[in-house]
Amino acid sequence: MRATEFLYIFIVLFALLIIGKAEIYLVTVEGEPIVSYKGGDNGFEATAVESDEKIDSTSELVTSYALHLEKKHDMLLGMLFEHGTYKKLYSYKHLINGFAVHMSPEQAETLQHAPGVKSVERDWKVRKLTTHTPQFLGLPTGVWPTGGGFDRAGEDIVIGFVDSGIYPHHPSFATHNTEPYGPVPKYRGKCEVDPDTKRSFCNGKIIGAQHFAEGAKAAKAFNPTIDFDSPMDGDGHGSHTAAIAAGNNGIPVRMHGHEFGKASGMAPRARIAVYKALYRLFGGFVSDVVAAIDQAVHDGVDILSLSVGPNSPPATTKTTYLNPFDVTLLAAVKAGIFVAQAAGNGGPFPKTLVSYSPWITSVAAAIDDRRYKNHLTLANGKILAGIGLSPATHANGTFTLVAANDVLLDSSVVKYSPTDCQRPELLNKNLIEGNILLCGYSFNFVVGTASVKKVSETAKSLGAAGFVLAVESVSPGTKFDPVPVGIPGILITDVTKSMDLIDYYNISTSRDWTGRVKSFKATGALIWAAWSPNGTDEANYVGEGFAMISGTSMAAPHIAGIAALVKQKHPHWSPAAIKSALMTTSTTLDRAGRPLKAQQYSETEAMKLVAATPFDYGSGHVSPRAALDPGLIFDAGYEDYLGFLCTTPGIDKNEIKNYTNLPCNYTLSHPSNLNTPSIAVAHLVKTQIVTRTVTNVAQEETYMITARMQPAIAIDVNPPAMTIKPGASRKFTVTLSVRTVTGSYSFGEIYMKGSRGHKVRIPVVSQGYWR
């Protein structure tokens, strides 16, 4: 063997060794991205947009500068490393200047110290964080008419969904029963073709469909059989969020031959642009998500809906806002895109928020007034309420109750948790047929190894007349959603009611001295009060056309859809203006006029409801009709957010410059002066004055300003009244002073009442210290 051959083989083996232990890194480099490039680089003309202005991606200037940046990325890697020892996954050009690369940790270390490289961060994982809500939020009567009715609500507003894709054949996205959809010249996204059917994913309603999986593939997490190497939704989550925000109006929700009302998106005429970057088993990777966001902004979406976030809040506060993900969102807002992001489902515990950057809109989940209640009527006269989407048992009929643990075929099968009713082969069909099967809701249902749907299938296969699933204990964080089933069934979520049922069953059931049942005498009747078929996001909805799941993943697209309605009425409003309108017009009262309640766990881990605070509800519950005409807005732009970063303690100014390409020449004197429709002073020493600026987006109006605060903190507003002309802006100050140090936060609000009927409310939160 010649020396050159040996050397070649050694190099190849070394390259394979490097790739074998490679990881994905997100790299930012010197030079402005398209959104902020002001010229001067090798004669390329400026491509920067003014704050809240969209990128013109059809411009030759933008196209040529984008190609220039990509070539520089390739050149940097090519100069440092042997070809084949790394793989560049994406070039990021529009919102941040950088790339994602699959390489060894040793190569990443080399890259970190290379000239022109600003940051090298290892990729990290993210996870995925409604038929009735349009009526619940007052859209059909109070909002849609202002936009031309439901058949025009959201017209030509493009909502981009960074999620798990879409099932394009769902009726919520169909076009055959709607007015024809024309082109939207401002949108320049593309439509991928289904590799199986060779048909486009787009139909006019769906206006763009792309998928991003290079990071997932490089990490060996991608399974094309399950995840679909296309925009097809292999999960259900993406189809659900898209339908919530922009699904067609009046779509019948039919499951198992029963209709449960009609579904509609918040903005039923808005267009859907799909950017698939999340997958069934593992969630997603930031490298793919950033690529999806970058592409969405390039394509010209108006709204971004992100039901995605990190697996948990950061362990340190050092990089709270400065990472490729949050800085990408900051640049998206600079380009005029309103971003709604799910706040996470980690509560109701402190420090569980995973979306907190002030330039985007963080969305939490609330319980609406929709109820799908079933009732189980016992022969002893008790009526037990539960939830479920199922048919009733036959009218005026009663059926014998049979508990799963009393009809085991073999006592040795106890190791299989037979009371979960997941395995019909463990149970005696002869004793169950024609009766109601009583099962137990164990921790297996919480972790997902058991499902209500499987209980239904077990009961049906054994010939049961129906099933009852009793919750005997509740783990913190457990949520119960109505599950569509084909036979009569009920989930009794109230532990007290479940114990009533079990007590009645035990009293009515006679046993011999060994504990074996001699006869079943407990009887009852079930009374019914009135998603993507690929869906696997929730085991209970596999194969269903619709799903009814909750959480902030579902709340975020509600806000994205409502933001589309605001954008339709006020096309030139900034993302901050839209956010302000949603926040200042929200309410802290429920539909009955009572103060909002929040879930809280006691020392015994029992759930209870307590008076909610801004830490629970933020600004409050959204009021879409009021948001269309807020009277005043608190506006902010890119420089304001930069000032916020530069003023926040603990953030390195060099790090800010690395990510934003701008020095800290603009400060706010205190981060609390960021012009948001809320005020928070976490560490109030003695007295602090906070400034806010409001802009009148209505007719001339005089506002009376009042403030209230819990007793530990004194609050004063100046001036107490002001008259503002249309389009004009006025400043006011809020003075907070420590009265008593309590060791806890104090809450309050500033209330502005206009002479023309507008009402503006902003929450105030502070904790006092003597020093």
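Glycine is no exception: its Cβ is also placed from the backbone N, Cα and C atoms.
As annotated by TrEMBL, signal peptide applies to 1-22.
Here TrEMBL flags 70-127 as domain 'Inhibitor I9'. Across the domain 'Inhibitor I9' (70-127), the DSSP tally of helix, strand and coil residues reads 19 helix, 21 strand, 18 coil.
The domain 'Peptidase S8/S53' annotation in TrEMBL covers 154-592.
Annotated active site, charge relay system per TrEMBL: Asp163 (among others), in sequence order. The number of other CB atoms found within 10 A of the CB of Asp163 (active site, charge relay system), across every protein chain shown, is 30.
What TrEMBL lists as active site, charge relay system is His237 (among others).
Under the heading active site, charge relay system, TrEMBL lists Ser553 (among others).
If you look up TrEMBL, you'll see 673-765 marked as domain 'Subtilisin-like protease fibronectin type-III'.
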Counts of helix, strand and coil residues, the domain 'Subtilisin-like protease fibronectin type-III' (673-765), according to DSSP: 1 helix, 62 strand, 30 coil
Cα separation, Asp163 (active site, charge relay system) to His237 (active site, charge relay system) (Å, whole number): 7
His237 (active site, charge relay system), number of other Cβ atoms within 10 Å: 31
